[in-house]
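Novice: My structure is below; once you've seen it, I'll send some questions.
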Amino acid sequence: MDSLQRSNGAIGGGSLRVSADVDLLDPCRQPTPPGESCGGRVCNSELGEVCVADSLCGCPHGEKRASPKDVCRPVESWTVPLWVIRRDQHNLVYNQSFGNPLNEVNREYVRRFESGVGQCYPHTALRDAFVSAEVNEILDPMVVNASWDTGILFNCTMHFRKGAVRIPTDAYYQLVRYIVDRNQYQVGRSGLYLNPYQPDPFKACFRNTCHPKGVCVDLGPNAYRCECAPGYRDKNPADPGRKCLPDFGYNECERKEDNECSENARCVDQEHLYKCECNRGFSDASPAGAIPGSVCVLDYCSDIDFCPSNTTCVNLEQQAQCKCRHGFVDIRKSESRLALGLDADQYCLNIRDVDECALGITNCSGVADCTDKAIGYDCRCPDGYIDGNPAEPGRVCGALLCDLCNSHGDCVHNALTNNVTCVCSDGWSGEFCSVAPSNASMILLIILAILFLLLALWPHPLLPVVFSTSARSAPAWAAREGSTKASTVAPGPGTPCTKAPPPARAA
């Protein structure tokens, strides 16, 4: 009997199968005990019924049956969601009636759906394994996913004979594949139709945070990406697919969060998107790439035209500034313009009329020779200096006496690149040897100097030193009992060096 259950009733390798209730023919089967009383009736023990909650006869925990007349069987169960969007030709929109188990609307749709599922599985490979389906609840799809803004969601548990389903996901995929591919999206003959884009509960996109008009792209286990659907634009590209607005037919000006206009600007809705116009008394200061009118500042330039000739007034955040027009050079930073006879309120000179060298408004090195040209100027390092930046002559002039290296290194001229680099003295560092040695380096140098001095003053280890010994203090190998002879040995570390007394004269 156990082998028949494991083979789902198949006999050998053939197509013959035994009945599901074959165990009733077992000659060793124990007599069925009388059923127990339950709620005014007696449960049918031959069908495996037990009393549930002292009022209802049903299968014990872990067992199910297809109908009240069938025998209770051990089952394995899987709960799956199915998204229904219409009944016959009528689109469904969730309301409280669908979610209330006491409401007749709920009861009708539960009966239809459970019956429809039971009509589907006989057309799948799980036909002999399926036992029954139970709707746990009907939900608003948007509770699970904000982008599911229509239809109703059935949370349904499918029961199968224990051990008959090898791959658990088949309980879902075989049902949906039959409904979508072979039954034109209808759940059995229930009149209820699945969403053509039925979400896969085993994919990351099943529960996502995409915008209702967004598209979820599955990237693998526990990973997905949101995108705005065609015809919609992303309001926040930094967090894509969460804020999608239609390209046409939407008034972005109705809500401030839907447009980027400055608080000092007016939002003007257009057929395609919108535009921002700065209010009177304000001017556009939006950065490059931003929507014009997204930054509007006070128009200081409109109050009074205080800029002199050849300049243009430019609004800044807190003030206005006069800038030279194209083709003119700003001479305000020159300290010698008054000495050259230029007016104090003269800001800009034509680029062909200005002598940058005389005005001192060049970027030549302080020691370089400046030569004025019809337009612009030239810089050249004088004799005795090396140009440290040949690409822009005369901007970096290094003295051959190494002023470039701040007197803490040697100038090295590279003949191939014609550049000047510094080779710093001990302890100094940096491109131009401007970083002083650290204190730690100085301390180390002092310690080394002291050590060399001590070594110079210490007696030479190869010179013999005479010292006195006695039987009391000398080692066994250096003195003998009663001996007063002087010994000559090389001193070891820590050995006191004393001069031995002269030998005693004979009496």
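From the backbone N, Cα and C atoms, a Cβ is placed for every residue, glycine too.
As annotated in TrEMBL:
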type: DISULFID; residues: Cys405-Cys422; note: disulfide bond
type: DISULFID; residues: Cys424-Cys433; note: disulfide bond
type: DOMAIN; residues: 74-199; note: domain 'SEA'
type: DOMAIN; residues: 201-238; note: domain 'EGF-like'
type: DOMAIN; residues: 249-288; note: domain 'EGF-like'
type: DOMAIN; residues: 297-334; note: domain 'EGF-like'
type: DOMAIN; residues: 353-391; note: domain 'EGF-like'
type: DOMAIN; residues: 398-434; note: domain 'EGF-like'
type: REGION; residues: 482-507; note: region 'Disordered'
type: TRANSMEM; residues: 440-458; note: transmembrane segment
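On this model, are these features tucked inside or out on the surface, and what's nearby?
Specialist: A C-beta separation below 8 Å, combined with a sequence spacing of at least six in one chain, links Cys433 (disulfide bond) to Cys405, Asn406, His408, Gly409, Cys422, Cys424, Ser425.
Counting residues per DSSP class in helix, strand and coil order gives 41 helix, 42 strand, 43 coil for the domain 'SEA' (74-199).
Distant neighbours of the domain 'EGF-like' (201-238): 80-81, 142, 144-149, 169, 172, 244-248, 258, 273; these residues of the same chain sit at least 6 beyond its ends, with a Cβ under 8 Å from one of its Cβ atoms.
Counting only same-chain residues 6+ beyond the ends of the domain 'EGF-like' (249-288), those with a CB under 8 A from a CB of the stretch are 233, 235, 294-299, 301-302, 315, 317.
Listed by sequence, the residues of this chain that lie at least six past the ends of the domain 'EGF-like' (297-334) yet keep a Cβ under 8 A from its Cβ atoms are 264, 281-283, 285, 342, 345-351, 354, 356, 359-361.
Note on the domain 'EGF-like' (353-391): mean pLDDT across this stretch is 88.
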Novice: Under DSSP, is Cys422 (disulfide bond) helix, strand or coil?
Specialist: strand
Novice: Between the disulfide-bonded residues Cys405, Cys422, Cys424, where is the Cβ count within 10 Å the lowest?
Specialist: Cys424
